[in-house]
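Here's the structure we're looking at; comments come further down.
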Amino acid sequence: MLLPWIITIVTVIPATLGHRNRVQDDEMLVISDSTDSLNLEDFEFADKLTREELFGKHIPVEVVNDFKSDIRLPRRHKRNGVSRAAKLWPNARIPYAISPHYSPHERALLAKAVKQYHEKTCIRFVPRQTGEPDYLFIGKVDGCFSEVGRTSGVQVLSLDNGCMEYATIIHEMMHVVGFYHEHERWDRDNFIDIIWQNIDRGALDQFGKVDLSKTSYYGQPYDYKSILHYDSLAFSKNGFPTMLPKVKSATIGNARDFSDVDISKINRMYNCPVEKSVTAPFARARHVPIYSPQYHKYEDRPKIPLRSFDMQQGPINPPMAQIPSQSLVVSSSSGRVNYNSNKPSSQCEDRITVCWWTADRCRSPAIYQVMSSLCPKTCKFC
């Protein structure tokens with residue numbers, strides 16, 4: 001009796017996969033000689049997009065990508081920031097070509113994002129000229145992903161069907177310009193808590209840090225409002241938070257456009273001729289609930305005042321947010337997050353640099369003693 005069902009499954013699934021593969025194959029054929037670009041009609045359509053069309057339902061990049069990173073690195077390359085001139089786009093000029101598989105509405109979304117870069121920064125997305133070897137190809141390749149900064153030859157920015165949303169396009173293009181995610185900053189532990197126990201094991205490497213010696217934040221403070229900041233549930237294996245801001249009234253990961261700090265960093269990276277002074281708040285004014293799995297209800301975070309910092313300070317002495325005294329206590333059984341008002345011990349440091357790899361097993365009886373000795377900070381033992 002099961003045979004007919006088996007036959008149905010075998011005949012239906014390959015057809016679906018075959019369609020997806022054909023689209024991908026078509027894109028790969030187009031990449032090599034594409035010169036198609038946005039036109040005046042696309043930009044006119046972009047100006048007519050409604051707020052709902054621009055800022056409607058947002059699907060996190062990691063969900064679209066099935067919990068894979070949206071940053072793709074060349075083989076053998078380590079994760080590092082962009083501070084060397086060779087990784088920047090010369091003269092802030094990004095030659096590009098786009099896939100013919102985008103609909104008029106999708107082309108309008110791309111045009112809107114490009115227009116924002118042109119209006120707020122000196123970055124210029126320019127149509128690729130025939131025979132130009134180094135350029136950005138924007139197409140429906142496989143999910144949402146980009147390399148960081150400029151690479152040689154044809155560079156792919158994949159914006160597939162699930163990625164065609166304004167905020168996602170702005171986010172991915174900022175990777176193209178040269179920036180990693182905000183939560184990967186070397187100083188992130190001063191501003192967010194990583195809840196390792198709640199992170200999907202296959203995504204632990206998404207919470208590494210960018211090497212300070214190989215990146216620059218151009219004197220800008222940690223930015224909770226950055227378009228490049230993931231949300232509190234990013235890569236969660238159990239629906240509970242994977243990272244939380246130390247400023248308890250702040251929210252992360254719900255940006256729908258550039259923050260002021262995003263724009264400031266881009267303009268400083270590319271030495272844009274005009275840059276306005278920016279004051280960046282370190283906390284959101286909104287009152288945001290945190291889900292508590294133990295009580296199955298929402299518990300509100302208490303409000304605290306906003307703090308602002310002058311963005312004119314130089315890169316040698318970057319402005320820093322006041323580091324709150326609260327520390328996090330995480331239940332090993334449920335993933336529940338609570339705040340502890342006591343200051344963490346100044347001696348609370350990991351003794352090795354790879355604690356993240358086994359952070360989801362901190363309280364496993366087999367390695368508990370080793371983890372408590374080598375990784376007390378990551379495991380929240382102190």
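Every residue, even glycine, has its Cβ placed from backbone N, Cα and C.
Listed in Swiss-Prot for this protein:
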type     : residues         : note
SIGNAL   : 1-18             : signal peptide
DOMAIN   : 80-273           : domain 'Peptidase M12A'
DISULFID : C122-C272        : disulfide bond
DISULFID : C144-C163        : disulfide bond
BINDING  : H171, H175, H181 : Zn(2+) binding site
ACT_SITE : E172             : active site
DOMAIN   : 348-382          : domain 'ShKT'
DISULFID : C348-C382        : disulfide bond
DISULFID : C355-C375        : disulfide bond
DISULFID : C362-C379        : disulfide bond
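Sequence features, as recorded in Swiss-Prot, placed on the structure.
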| residue | record | Cβ within 10 Å |
| --- | --- | --- |
| C122 | disulfide bond | 17 |
| C163 | disulfide bond | 23 |
| H171 | Zn(2+) binding site | 26 |
| H175 | Zn(2+) binding site | 22 |
| H181 | Zn(2+) binding site | 23 |
| C272 | disulfide bond | 16 |
| C348 | disulfide bond | 13 |
| C362 | disulfide bond | 22 |
| C379 | disulfide bond | 23 |
| C382 | disulfide bond | 12 |
Close in space, distant in sequence - C375 (disulfide bond), Cβ under 8 Å, 6 or more apart: D350, R351, I352, C355, T358, A359, C362, F381
From disulfide-bonded residues C122, C144, C272, C379, C382, the one whose Cα lies nearest H175 (Zn(2+) binding site): C144
Integer Cα-Cα distance in angstrom, C272 (disulfide bond) to C163 (disulfide bond): 29
Output field, Zn(2+) shell: CB within 8 Å of site CB centroid, site H171, H175, H181 dropped: V61, D70, I71, S146, E172, M174, F179, Y180, I227, L228
Three-state secondary structure, which DSSP defines for H175 (Zn(2+) binding site): helix
Tally of residues which DSSP labels helix, strand or coil - the domain 'ShKT' (348-382): 14 helix, 0 strand, 21 coil
Between H181 (Zn(2+) binding site) and C348 (disulfide bond): CA-CA distance (Å): 26
Three-class DSSP secondary structure - C144 (disulfide bond): strand
Around the Cβ of C144 (disulfide bond), the count of other Cβ atoms that are within 10 Å: 28
Shortest C-alpha distance to the residue listed as 'active site' - which of the recorded positions C122, C144, H181: C144
